[in-house]
Amino acid sequence: MSDLLERLRARGWRLTSQRRVVAEVLDGEHVHLTADEVHARATTRLPEISRATVYNTLGELVALGEVLEVAADGRAKRYDPNAHRAHQHLICSGCGAIRDVQPQGDPLAALPAAERFGFTVTAAEVTYRGLCPNCRP
Ligand SMILES: [Zn+2]
Ligand SMILES: [Zn+2]
């Protein structure tokens, strides 16, 4: 059990049974589920929970800054409860498994001034790709 539920409690977020189930499904390490996956898992605990409720709850959690949306090239975006620890993603090209990783050094600082084209650069996302142990031939 990671700390998503604790963070939400600490913020005084009203935990209805539906919101609680969504938060419980998302809680944990290396969790990056699509909205449909969240819904599928939520229905095993709360069969009557609707897709709309899951989508709305995910939207609220993102707006609160407690869950990140991870864009996954052309595929459905994923929801990541690891919202307060800067990290990058390591993605398996075979099965799509995603791990949270922390490269050495600051990816923001890795972009030299000459490559910034006058931009104020505020964030960097790095995606590492490869084959996980299960997919390696
Ligand atoms: Zn894999
Ligand atoms: Zn992540």
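Cβ atoms are placed via backbone N, Cα and C, with glycine included.
The Zn(2+) binding site annotation in TrEMBL covers Cys92, Cys95, Cys132, Cys135. Same-chain residues at least 6 positions away in sequence with a Cβ under 8 Å from that of Cys132 (Zn(2+) binding site) are, in sequence order, Cys92, Gly94, Cys95, Ala97.
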Enumerate the residues of the same chain, Cys92, Cys95, Cys132, Cys135 excluded, that satisfy the criterion Cβ within 8 A of the mean position of the Cβ atoms of the recorded Zn(2+) site; list them in sequence order.
Ser93, Gly94, Gly96, Ala97, Leu131, Pro133, Asn134, Arg136
If you draw a 10 Å sphere on the Cβ of Cys95 (Zn(2+) binding site), how many other Cβ atoms land inside?
11
Per residue, counting other C-beta atoms within 10 angstroms of the C-beta, which of the binding-site residues Cys92, Cys135 reaches the highest number?
Cys92
